[in-house]
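A.B. asks: I'd like to ask you about the structure that follows.
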Amino acid sequence: MGLPKLVCVFLFAACCCCRRAAGVPGEEKQPVPTPDLVEAEVGSTALLKCGPSRASGNFSQVDWFLIHKERQILIFRVHQGKGQREPGEYEHRLSLQDSVATLALSHVTPHDERMFLCKSKRPRLQDHYVELQVFKAPEEPTIQANVVGIHVDRQELREVATCVGRNGYPIPQVLWYKNSLPLQEEENRVHIQSSQIVESSGLYTLKSVLSARLVKEDKDAQFYCELSYRLPSGNHMKESKEVTVPVFYPAEKVWVEVEPVGLLKEGDHVTIRCLTDGNPQPHFTINKKDPSTGEMEEESTDENGLLSLEPAEKHHSGLYQCQSLDLETTITLSSDPLELLVNYVSDVQVNPTAPEVQEGESLTLTCEAESNQDLEFEWLRDKTGQLLGKGPVLQLNNVRREAGGRYLCMASVPRVPGLNRTQLVSVGIFGSPWMALKERKVWVQENAVLNLSCEASGHPQPTISWNVNGSATEWNPDPQTVVSTLNVLVTPELLETGAECTASNSLGSNTTTIVLKLVTLTTLIPDSSQTTGLSTLTVSPHTRANSTSTEKKLPQPESKGVVIVAVIVCTLVLAVLGAALYFFYKKGKLPCGRSGKQEITLPPTRKSEFVVEVKSDKLPEEMALLQGSNGDKRAPGDQGEKYIDLRH
């Protein structure tokens, strides 16, 4: 080959190399087209289309690739309209939808957020890229406040709270709020530090720590965090619960607090405590002014720093003061003195202390008491509670025996409800013993054990004796009254003689006779309310009008068993009589039902053996008292017994 030809070949080769190196317009590499964006939530199915939604063409012959590190990895083939999975991580999650142009990816995970390529074997169809974006809502955020507390005097930022949002994708955004207002980064005031952790599932766990310098006004501040995230459906957010953080600050003021609030009285349970406007509460001491020296002396308190007055008394009144010591700042504060007033009523005194008076004379009773408040006095009868008068003096004129007994003087403070004191005084009216009845009957059964009671009143206090043997017990309802109960066996001798109780004192005596009546089958007692038993009888002084003594009635002997026996016997007698009449009628000895009439002559009517005693336990309003030494006078209520005869 000649030299010219070699030169031409060399130049041609050089030109080709230069053209290849420099590039030729029209032969540049085609850029990657903008991919279609497909969004799906974790766990759902993503639909990947091989071309725009309105694109037309034959997609019966396509290949699907995964773009990974600029490499194309075949994952699925479509041949003649049928899908064929390729081995790999997507082998069991890919399938064709209704259209061969749509590839379905099931059970989407965060790892599926990649670029996919669809290549058609038809020359007219271009390569189509699909970008899959995956989303997952985080769980409800949790927040943990600083439980140790933050002191306002600290200059450095202290951790306020920590917010955690788990299992979200992509990483959510966190916002902090105080009292519903968003917090922003502020130098030397607010700092927010967030970090993320990638779980094995590909999801993110976000942790955000809020640090700040707090002030006293933040003691009740509400802090919470908010997570903002996006889903295919749009933007969303989740809020944590609100928390408060203990804020410590020194006290500026201390004061005394007393419970209960209001007027106090002796006997109340009173609690004295110290309080400040600081947090935490400092150490307290409670001092009380000594009235004799004028100095403040420390009082003994419990482990909580409380001074308990249980019960409150008069000497607890006085000036109290609190002192606080802040161990953090070593500052001592004192409260204003508080005057504690315990209202009281002193012991009540009645003069004379043991009054005695003759019947018909007058008596003056005086009541005295002391209090720091205005007093009111009231006089009452102890037994009945009857109000006799108001004022410190009670005047009794032309007294009778019924005026004897106990009187109550009550001194009260109207301004302080429940504050009062009382004193009893026993008034003695000289006189011989008196009783309600001269004679009383009681129905008994032979060989039964009977309790007989006898009551008498007088001044001096009488004594009671019995004319029969038995076990007697006594008790005194009041200084002028005595009640004696005799336990005795009912014998024929006792039925014949009865029982007598005699009350006597230095001024005379009085006697009540108890007549015992034996209950038999022929004795009926029609009204059990009049004679109510077989075991007990009470004989007591009768109460006059306006009297202050009360008659004590004990149960009387019962006769229900006897009445039942009598009814049964009568029923049996009637049954036998009816049977006899029926027998004679059947034998034809009775003219009943025949034409002949015969007169039946009855025997003469005889008096019934049944006697019913009608008794009354109620005595007249006014009854003459039985006078012992002045002669025996029958009580108006004892007018003899009334009988109703039952005849055939």
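In case you wondered, yes, glycine gets a Cβ from its N, Cα and C as well.
Below are the features listed in Swiss-Prot for this protein:
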- 1-23: signal peptide (SIGNAL)
- Cys50-Cys118: disulfide bond (DISULFID)
- Cys163-Cys225: disulfide bond (DISULFID)
- Cys274-Cys322: disulfide bond (DISULFID)
- 281-304: region 'Disordered' (REGION)
- Cys367-Cys409: disulfide bond (DISULFID)
- Cys454-Cys501: disulfide bond (DISULFID)
- 532-554: region 'Disordered' (REGION)
- 532-549: compositional bias 'Polar residues' (COMPBIAS)
- 625-648: region 'Disordered' (REGION)
- 631-648: compositional bias 'Basic and acidic residues' (COMPBIAS)
A.B. asks: Pull the DSSP breakdown for the region 'Disordered' (281-304) and write it out as helix, strand, coil residue counts.
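C.D. replies: DSSP classes over the region 'Disordered' (281-304) add up to 0 helix, 10 strand, 14 coil.
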A.B. asks: Of the disulfide-bonded residues Cys50, Cys163, Cys225, Cys274, which one has its Cα closest to the Cα of Cys409 (disulfide bond)?
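C.D. replies: For Cys409 (disulfide bond), the spatially nearest of the disulfide-bonded residues is Cys274.
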A.B. asks: Does DSSP put Cys50 (disulfide bond) in a helix, in a strand, or in coil?
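C.D. replies: Note: Cys50 (disulfide bond) is coil by DSSP, not helix or strand.
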A.B. asks: Here's one to test understanding: among the disulfide-bonded residues Cys118, Cys225, Cys274, Cys367, whose C-alpha is closest in space to the C-alpha of Cys501 (disulfide bond)?
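C.D. replies: Given the candidates Cys118, Cys225, Cys274, Cys367, the nearest one is Cys367.
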A.B. asks: Compare the C-alpha of Cys50 (disulfide bond) with the C-alpha of each of the disulfide-bonded residues Cys225, Cys274, Cys367, Cys454, and give the closest one.
C.D. replies: Cys225
A.B. asks: Tell me, by DSSP, whether Cys367 (disulfide bond) is helix, strand or coil?
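C.D. replies: DSSP assigns Cys367 (disulfide bond) to strand.
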A.B. asks: I'm trying to understand the geometry here, so how far is the Cα atom of Cys322 (disulfide bond) from the Cα atom of Cys367 (disulfide bond), in Å to the nearest whole number?
C.D. replies: 42
A.B. asks: Taking the Cα atoms as reference points, how far is Cys118 (disulfide bond) from Cys454 (disulfide bond) in Å?
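C.D. replies: Approximately 124 Å lies between the Cα of Cys118 (disulfide bond) and that of Cys454 (disulfide bond).
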A.B. asks: So if I draw a 10 Å sphere around the Cβ of Cys501 (disulfide bond), how many other Cβ atoms end up inside it?
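C.D. replies: So the number of other Cβ atoms within 10 Å of Cys501 (disulfide bond) is 24.
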A.B. asks: What is the one among the disulfide-bonded residues Cys274, Cys322, Cys367, Cys409, Cys454 whose Cβ has the most other Cβ atoms less than or equal to 10 Å away?
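C.D. replies: Counting Cβ neighbours within 10 Å, the top one is Cys454.
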